[in-house]
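Scroll down for the structure; my scribbles are underneath it.
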């Protein structure tokens, strides 16, 4: 296969791979995935809506004074960005190569690995008693940085797979990333100029998101119920289980090597392993046609499941550790919080 194969030939090869499998003995997988245009459009709209609500809610948690505080002392954010866009894409690439994944599987895993951090990391950072200011600033900064870094990293790592050089829809990915910044900026503006509306918007978002997520999951299952087993293969499950675990582990180790506090290290760990699954799903569903992506558009759900399970397990282990050593850890946190408040006070007053 030529290294300069264009996207059309890649898509044809991907289609041939999936057409080899039969469903119920009387039809190809790709035939089953001929989703009615109206249903496909409904799923796309719901995915974009979920992404919009998530980002505007995230923006409503941001305060310009806190952003400035971390930007003036960017060590934590810089290390977190390096971990997010260094560890996760390399992990995705390495696992895809080691497991010799098929083209569509490889590009799906790479897109997931190159995504910025997700808002779920903020929840787990809170559960792990991490630095919430760093967590929220990191999530926002990674979304902004992804506008340039995600296409660049995909271009670099796709060179390692024959035929994927021209198969990634860079324009669609850049457009999706740019659109995430708009609602985030709206949320920041609301929180700055009309802070009394922020709690209402966050509560409304938390109420709408579960309903929209259930609808998307239901519709996705309806259109792929006959081929969902194709995504539950050993290689996909292995990647889904190892990627977040490696991200959590190496993110923490990297932070400790760089001499961040335990509180910030736990935050970077959560930010590294938790990917923006809403963005990943939207990119896969909107940028690729059903005939191209096949059942792999369900991979983010596989990753999300392992990501939550492993983060919950780490949180449980941390809580148990804190139960045995509460005094030293709590003292460090109080001391650090006092130092952070002292540093931020002059800037807030200014």
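Along the chain as shown, the residues are counted starting at 1.
For all residues, glycine too, the Cβ spot is worked out from N, Cα and C.
Residues annotated as transmembrane segment in TrEMBL: 42-64 (among others).
A Cβ distance under 8 Å defines the sequence-distant neighbours of the transmembrane segment (76-98), meaning residues of its chain 6+ beyond its ends; these are 70, 105-106, 109-110, 112-117, 131, 134, 137-138, 141-142, 145-146, 149, 153, 157, 160-161, 238-239, 242-243, 246-247, 250-251, 254-255, 258, 260, 264, 267-268, 271-273, 275. Among the features that TrEMBL reports, transmembrane segment is placed at 76-98 (among others).
Marked as transmembrane segment by TrEMBL: 104-124 (among others).
The transmembrane segment annotation in TrEMBL covers 136-157 (among others). Here the transmembrane segment (136-157) has long-range neighbours at 55, 58-59, 61-62, 66-67, 70-71, 76-77, 80-81, 84-85, 89, 92-93, 110-111, 114-119, 121-122, 165, 168, 170, 173-174, 177-178, 180-181, 184, 267-268, 271, 276, meaning same-chain residues at least 6 beyond its ends whose C-beta is under 8 angstroms from one of its own.
Away from its own ends, the transmembrane segment (169-193) comes close to residues 48, 51-53, 55-64, 111, 140, 143-144, 146-147, 150-151, 154-155, 201, 279, 282-283, 286-288 of its chain (Cβ-Cβ under 8 Å, at least six residues beyond either end). Here TrEMBL flags 169-193 (among others) as transmembrane segment.
Annotation comment: TrEMBL describes 205-224 (among others) as transmembrane segment.
Sequence-distant contacts of the transmembrane segment (236-257) (same chain, at least 6 residues past either end, Cβ-Cβ under 8 Å): 79-80, 82-84, 87-88, 91-92, 95-96, 99, 101, 105, 109, 112-113, 264-266, 268-275, 296, 299, 302-303, 305-307, 310-311, 314. The transmembrane segment annotation in TrEMBL covers 236-257 (among others).
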